[in-house]
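Quick look at what Swiss-Prot annotates:
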TOPO_DOM  1-6  topological domain 'Cytoplasmic'
TRANSMEM  7-27  transmembrane segment
TOPO_DOM  28-730  topological domain 'Lumenal'
CARBOHYD  Asn314  N-linked glycosylation site
BINDING   Arg533, Asp549, Glu550, Asp551, Glu637, Asp638, Arg685  UDP-N-acetyl-alpha-D-glucosamine binding site
BINDING   Asp551  Mn(2+) binding site
DISULFID  Cys636-Cys688  disulfide bond
ACT_SITE  Asp638  active site
Amino acid sequence: MQAKKRYLILFSAGVCLILLFYLQGPASRRTPKRGDDPHPHWPHFSDPLRAFIPWDQTETEDYNVRASPRHKRDDSTGADKCRMDSCFDFELCKRNGFKVYVYPQQKGEKISESYQNILSSIEGSRFYTSDPGQACLFVLNLDTLDRDQLSPQYVHNLKTKIQNLNLWNNGRNHLIFNLYSGTWPDYTEDLGFDIGQAMLAKASISTESFRPNFDISIPLFSKDHPRTGGERGFLKYNTIPPFRKYMLVFKGKRYLTGIGSDTRNALYHIHNAEDVVLLTTCKHGKDWQKHKDARCDKDNAEYDRYDYKEMLHNSTFCLVPRGRRLGSFRFLEALQAACVPVMLSNGWELPFSEIIDWRTAAVIGDERLLLQIPSTVRSIHQDRILSLRQQTQFLWEAYFSSVEKIVLTTLEIIQDRVLQHSAHSTLMWNRLPGGLFTLPQYSSYLGDFPFFYALLGIKPHQKFTAVIHAVTPLVSQSQPIFKLLVAVAKSQFCAQIMVLWNCDKPLPSKHRWPATSVPVIVIEGESKVMSSRFLPYENIITDAVLSLDEDTVLSTTEVDFAFTVWQSFPERIVGYPARSHFWDSNKERWGYTSKWTNDYSMVLTGAAFYHRYYNYLYTHYLPGSLKGLVDQLSNCEDILMNFLVSAVTKMPPIKVTQKKQYKETMMGQTSRASRWADPDHFAQRQTCMNKFASWFGTMPLVHSQMRLDPVLFRDQVSILRKKYRDIERL
């Protein structure tokens, strides 16, 4: 019996061995030997840090190792792999520079107000061209902003309409704007038509679908967002320490089900109703009562007790969680309110991430670490909070306060990609006054701009160039222009004098001009218009420009003192004749006044210093319509320059000394200079004020009550102790 058991055990073991042989043998035989592989792979050594690679990058790592260069090149031609070098024709931009063409609007085609604002911003910019043959970039006349099929703004048959455009060319060199994509319940990023090789300027775009250095992430903005100008940030003054009533706030919808519900449903875990106030409501949508949970009634009641604006303006940090889509209106609201955004939207490509360093203006959180958010924001030092808060105001006013700024920033980014040799530096984008006012075509060296002297630790040039605008023929040696030439030339800081001859009479011979110790360059322009005084002449080799009218009366001491003051404020206009603006509530328009009051908002360029960069900005940034108005009226060029400089700096000009009269009163009445006594001249300046304010979208001029006088000015001390003693006698 025992023998039978032993034989049975041996038989069973043999059967098992045979089964194992047949199961493993074919598998081992199917595995080719190392020398038999017809397509051997490159050896792939395991990465000891592979466990720390984010899950969404592992496929990319394998692709880079396994795929051949030809395979990668073939894949890059797909729409989802587009880059500037593969899906953009640079040849179109070499002929006429960076110009943008907007397709003409078709009859019967509805366009939303937001998309019309986008198109109007492009058409009013310096990039616009009405000739498609000159264009480098094309923008559709079809509204692509809202691609939610449930939206009343949804445009049907868009695919067919786009394919019928004769310049479409599979989207090459085209830019498509989009705010909303996808619909309930998935809210995918599908636009409902094939974008081909077009670039996307899209809100709520994910890092997964974002094509780096090709697409542009823009902020989600409402239909009420202003087209131009926009409100300034709400930060009026800095408080030390920078803490406010609340540490962290949020007020918004709570999605009970579906995408975006996880984070908002969990906010109650960190809400303490004291310094962390995170409020949600279930009252939205048609079927919210069907899905309401046990917390809804309590959440709804608490939600109604708090005022959102009061919370927004009195909180140090503002939570910006994702909604149904990755982007949220709360983002721009927090920026404007100087409430540091705490981003809680994993996978969102932040707006203009290509140029903006968001670490300087926001706290980037992680939805998976929601419970750590309160301790994280509490640990941020107050110096850091103050810096973050100030940067929110800069970014809001520079890039986000209007539709126009969002659109122009988008176009500037694309221009930087096209004209890489003259692209903005990261510093230009992230420091005052921002990339829209710092044109790299002027210079690639930051030291040539008046905004970066302190940052670079340098000073402006120690000399200035005087530019005298002459419109009256030389008749007598007693004319004010001769006295002015002599007085300015005696300044120890004067490098040269330029005379812009805008007179109808022929240019005087050289012997008619007085002898001076500095070079006098006389330039006769081809088009003798008012804007020519602000052209960026190559002859101007100094940073400072002293702009003068031909009938200005200044002494050498006054010139020296004004230049000394300008050296401390090189980004502002510094000079003598002050004017002001006011709001006329009866006429509901802006007014211009030359009355001597206790404040001012303009310093006229008839006797003022400014940086030569503003000549370049005046010529290349301002639209032809404004400069055309100035040339047509032969008036208002000084007001326009003040508008421009104040829009850039957000600060007023600086008046020096108490001098009020700066014009020669004995000019002949037949002279063009006598236009100042013409009543129509003053009325024209009122019109200019409102035309300029309309284009800027706001009133950029800032009032000031500051006047700078020399040390010991009018003090009862010995005249020998005063450096600018002659000023007191004038």
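Every residue, even glycine, has its Cβ placed from backbone N, Cα and C.
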DSSP state at Asp549 (UDP-N-acetyl-alpha-D-glucosamine binding site), helix/strand/coil: strand
Would you identify the secondary structure of Cys636 (disulfide bond) according to DSSP, in three states? coil
Note down the number of other Cβ atoms within 10 Å of the Cβ of Asp551 (UDP-N-acetyl-alpha-D-glucosamine binding site), including every protein chain shown. 25
Between Cys636 (disulfide bond) and Glu550 (UDP-N-acetyl-alpha-D-glucosamine binding site), what is the CA-CA distance rounded to a whole number of Å? 16
Helix, strand or coil by DSSP: which one applies to Cys688 (disulfide bond)? helix
Asn314 (N-linked glycosylation site) -> DSSP, reduced to three states, gives coil
A correct count of other C-beta atoms within 10 Å of the C-beta of Cys636 (disulfide bond) gives 25
Need one number: mean pLDDT over the topological domain 'Cytoplasmic' (1-6). 60
Among Arg533, Glu550, Glu637, which are recorded as binding-site residues, the nearest neighbour of Asn314 (N-linked glycosylation site) by Cα: Glu637
Suppose we draw a 10 Å sphere around the Cβ of Glu637 (UDP-N-acetyl-alpha-D-glucosamine binding site). How many other Cβ atoms does it contain, all chains included? 26
Compile a sequence-ordered list of residues in the same chain as Cys688 (disulfide bond), six or more apart from it, whose Cβ lies below 8 A from its Cβ; state 'none' when nothing qualifies. Tyr592, Leu629, Val630, Leu633, Asn635, Cys636, Ile639, Leu640
Considering each pair of residues in Arg533, Asp549, Glu550, Asp551, Glu637, Asp638, Arg685, all listed as binding UDP-N-acetyl-alpha-D-glucosamine, report the largest CA to CA distance in Å, no decimals. 20
Including all protein chains shown, what's the count of other C-beta atoms within 10 A of the C-beta of Asp549 (UDP-N-acetyl-alpha-D-glucosamine binding site)? 25
Which of Arg533, Arg685, the listed binding-site residues, has fewest other Cβ atoms within 10 Å: Arg685
